[in-house]
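The transmembrane segment annotation in TrEMBL covers 28-45, 57-79, 516-541, 561-581, 653-675, 681-703, 715-734.
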């Protein structure tokens, strides 16, 4: 491991975790100074050109783009200042008496049984219920924001299956505690008990999928008499947008045992908050705040784990790893949360769509961890409940005593008064005139509630820790078509702009609250959408200039030529080094940088447009779920072969396709013109060549493919017309 100066943290003489600063920090700081000098020289060159030569619109646009690129490089440099790696020793904590383990509440959010199949939710819930942790101290809350009886039915079936599954996992030290993963694996040896369990699981799965296919829960499928009445709540007046609160205890650790009567079962609670068309519900942040209050009334555990419904637990020791930090007396008073990275199963060999987000979930995280700690990324995060009630030094009391984080919940979760209060705090009007969403709980005001909440917690003075064990703590699924990828990231871009263009912008409020390095580091996410400006400028204008034989960069004999080469190779080389040192591959890095270009012409560009329209009250943007349902077989095969799948016709690919066509024309013309112009347009040709190579999947999808994932003809034709219009407009700007 690339590290030195190992710092140990112990509890009662036992070392629970260590911190290892990365060796590359010092070389990175030295290079940062050199690169900064290069950027200042480039700015001088731009300004000097503006003052001494005839200026054009292209000159100003290139300067503006370089300013943005310099700023975005600075945000990366701030996270390279002090990267660290950590190690924790869960076996040391596990040796403690079980009564010393704090209670744990697990929050799982789902919203649509068709985009997020109930069996996916079931597997995530079962994997968390099966942790190597005292079962009577685990409470799993599932928030169903779609208010679906189909999801409730699947969880009801899961509660029955868990009474066989949990003892089997713990007795046999099974590591894969998601039943779907375990029974799909070919590496396990089977015995009669496993065969019987698999039959039970397949039966449960077929029942759950049957009710989804039919769209209703038939009476004969409800085998538990105690739950029959709750399904009567789904009347004709019940809709996703208009329905009462439903809280159903499916399993109670005080009364439920496994089938052998030896193991105590964890709590499992289904929650669907009240919805009304006249009350704002604040999407996922609102659902999480409802779970905070409901769990506060029922169990009020001091530690909370948040999970996406598709992010199953992959390591049964994960909670104990988090406790190695959360219970350390030297840091726990100011430690708000422990964030684990998102890892994914079924990723193509070289991660063609860059869905592992290596930079987001690994590279940037270790950089943040050396400063104030990583940001919250929406799932796989263990929170100190106290973090949701104001700054470390100034707790904000809840509006009722039952919700205060230090209260000990000593009543049964099925007590009448407990359930009545839980229903009350889940009401759609409960938050009126309270601090929920502003000073307490998960924060409202952005579609990316995870980023915004983690950012505001850091601004309040809380710290966090990045925990990245060798065995992935959590695993999820990745989208397998390009349209799903860019649509998801368009929503992220809009949500991040909500934060960046607000009074809480990291560039102002963040720097003031957290310091320069952390504030600027947060800007890398907040200003994501701004990448579209330099990417579009450099993807279009030099190409038009090349077609008309107009030079916009220094010729190869000019010393300034080598400054451009140095800055390009330096930035890309450092990015590649980061990628490889954190376990990536060279092909994976190439795909990652190509996806940044694709996002610039799709997600970031259209996200910026929608944000502007929303700001001007010309449109509204809701929270669109990314479908996590299984893709068709042909799409899956294309993904495995690393063939781009553009999906159905979408206007989001129009700018990308037009830029690809333009770069192809410019490349062909540039090769021909090289013999005419000589060295004058070499830098333009290098840029065009680089862009054209990145666009190879687009050319293939336009001209060579016949499958359903090819680029639709309508998009190709419209892109051709747009390219012609761009070339024609270049005549007026460049001639």
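Each Cβ is built from the backbone N, Cα and C atoms, and glycine gets one as well.
When each of 28-45, 57-79, 561-581, 653-675, 681-703 is scored by its Cβ pairs under 8 Å to the transmembrane segment (516-541), the top-ranked stretch turns out to be 57-79. With Cβ pairs under 8 Å as the measure, the transmembrane segment (28-45) is packed most heavily against 561-581, out of 57-79, 561-581, 653-675, 681-703. Pairs of Cβ atoms less than 8 Å apart link the transmembrane segment (681-703) most often to 653-675, out of 57-79, 561-581, 653-675.
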